[in-house]
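S.K.: Copied straight from TrEMBL:
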TRANSMEM  A:12-38  transmembrane segment
TRANSMEM  A:44-69  transmembrane segment
TRANSMEM  A:81-101  transmembrane segment
TRANSMEM  A:113-131  transmembrane segment
TRANSMEM  A:172-205  transmembrane segment
TRANSMEM  A:211-230  transmembrane segment
TRANSMEM  A:237-257  transmembrane segment
TRANSMEM  A:269-290  transmembrane segment
Amino acid sequence: MQLYLPIADLPVNVFLVLAMGAAVGFVSGMFGIGGGFLMTPLLIFIGITPAVAVASVASHIAASSFSGALTYWRRRAIDPALASVLLCGGVTGTALGVWTFTQLRALGQLDLMIALSYVVLLGTVGSLMFSEGLRALMRTRRGAVPPRRTHNWIHGLPLKMRFKRSKIYLSVIPVVVIGIVIGFVGAIMGIGGGFILVPIMIYILRVPTSTVIGTSMVLTLVTMLFATMLHAATNHLVDAVLALILMVGGVTGAQFGARAGQKIRGEQLRLLLGLLILSVGVRFAVALVIRPEDLFTIRELGVGG
Amino acid sequence: MRALAAALLVLLLGTSARAERLIVSVSNHRVTVTPNYSGEELVLFGSVEKDAATPADRTAYDLVVTVMGPRADMVTRRKERTFGIWINTDYRQFLQVPSYLALFANRPFDSITSPEIARRQQIGLNNVLLTQRVSGDYADVVPNDAFRSAFIRLRTQRGLYREDASAVTFLTPTLFRTGIPLPAEVPIGTYEVEIKLFANGAFVGKTETAFEIVKVGFEQFVANTARQNGLVYGLVTAAMALMTGWMASIVFRKD
């Protein structure tokens, strides 16, 4: 069944988009991530412009992280204090990100920046995650004990605050900075940032695993809601029809993905996720390096006169 | 002086008497684009009305139909290899060019009329005026300019620019018809149709008509709201996201 997308300005097959939403939802449920880094590239691949894809995926991620956050809230697996501090940075970062997005679009370099960010970010995070997963897997094979975590320089910073539910005593500076970075890249790349945020919170901030996913989902939820509104108000690029189809597919797929994820061991899961992230990054890198089919592109600046 | 006036009068009378009248109509003056719209074809009908003054030897006519969609500014960008990757570097801005442009004729443009008249009457995609802004100047450039030809090629690929020298068919020597194909992603707005009549290579006369493309239904409402009330639209979308997420957590609740 064909449906015309009002903002993307092109007809799409509803079932194709629904299936894409479900597939990405499955993956995101399996790994406990938002899935924006898969959804945005897929939309670009079916012909939706990167700008509309990024803006519309924001609301899709908001929906899936809200249903996740509600579940974690019921299990008391969210640290409200940590989430609020993260949000201070997250909201600032999102506003900066949307502003940068608008500027880049006017310069005609938005698509390039989206692609470059994907290459750099996904390439780095993917390889780190993959190698870490590989090492963990070898350790368990050998039966070795994982090395004890030690405090690092982050824990020497001033302005310390006690986060009761996470049982950590931590400076607010790195937390706000992380919020800004995640909000910024999220608004430009159309990702929630969960797949970067969770490792950062575990390895750098030493947030316990009991609260890390729930808290990161709150940050994702608020920054993505804020990004949706800013993208809608400034760039008029959010396609609500597209977003709705994606949401319905996504939240359904996520439920099945979560069940599948419980059957796989943690290290293998990380290895798989690392591989997936890396391959999306490589896909963008290849597209940048090979000669494009057409060197010319047209952008309409709005109907006038 | 009087002789000159008389000569002018004769000339004027001659011109008006020589002019064939063109009568045309489009099958639909208002095309509505609904959510499941996937392209359509309009039909343009018309006839060449001769009068008593039409020279008897004039039997064969040639027609060129130009359909122009709403005008818009557009930017064409060119990618170049920089530091090993392909980046948009150079660009040209096209000012108030038709978002949809179709040129139809009953036989090849170059056999209808001379290159000189074709250029003046803007017959063929190579001759249509596409104003560019080139470093502060406003001008059209030569037809084989890289940006101009890329612009036409890309628009043609999307079905928005087209040229067909066999689309006009004469049912009788004076009655003609042509189809106007409108692709799924047709721009909305007012479309001008210009019908130019040629006989023996000379431009004889023209007439104009128009039709309108409007979007109706839910999707147009969405598009309008998004453009006019961005903030409200954003709030509604955000609320929709929250609703969907909340519903999912209710439906799939395990405990």
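Backbone N, Cα and C define each Cβ position, glycine as well.
In terms of burial and nearby residues, how do these features look in this structure?
M.R.: Listed as Cβ neighbours of the transmembrane segment (A:12-38) (distance under 8 Å, sequence separation of 6 or more from its ends, same chain) are residues 1-3, 5, 46, 48, 57-58, 60-61, 64-65, 68, 118, 122, 186, 189-195, 198, 213, 220, 224, 242, 245-261, 264, 269, 272-273, 276-277, 280.
If you look at the transmembrane segment (A:113-131), the same-chain residues 6 or more away from its ends with a CB under 8 A from one of its CBs are 37, 40-41, 50, 54, 104, 185, 188-190, 195-196, 199, 270-271, 273-282, 284-285, 287-288.
Nonlocal intrachain contacts for the transmembrane segment (A:172-205), taken as residues 6+ away from its ends with a CB within less than 8 angstroms of a stretch CB, comprise 31-37, 39-40, 53-58, 61, 65, 82, 85-98, 100-101, 104, 113-114, 117-118, 121, 125, 128-129, 152, 154, 157-161, 212-213, 215-217, 219-220, 223-224, 226-227, 230-231, 273, 277.
Tertiary proximity for the transmembrane segment (A:211-230) is limited to same-chain residues at least six positions away from its ends with a CB under 8 Å from its CB atoms, namely 32, 34, 55, 58-59, 61-62, 65-66, 68-69, 72-73, 75, 77-79, 82-83, 86-87, 90-91, 93-95, 97-98, 165-166, 179, 182-183, 186-187, 192-194, 197-198, 201-202, 238.
Under 8 Å from some Cβ of the transmembrane segment (A:269-290) lie the Cβ atoms of residues 27, 30-31, 33, 37-38, 41, 112, 115-116, 118-123, 125-134, 136-137, 195, 261, all in the same chain and six or more residues away from its ends.
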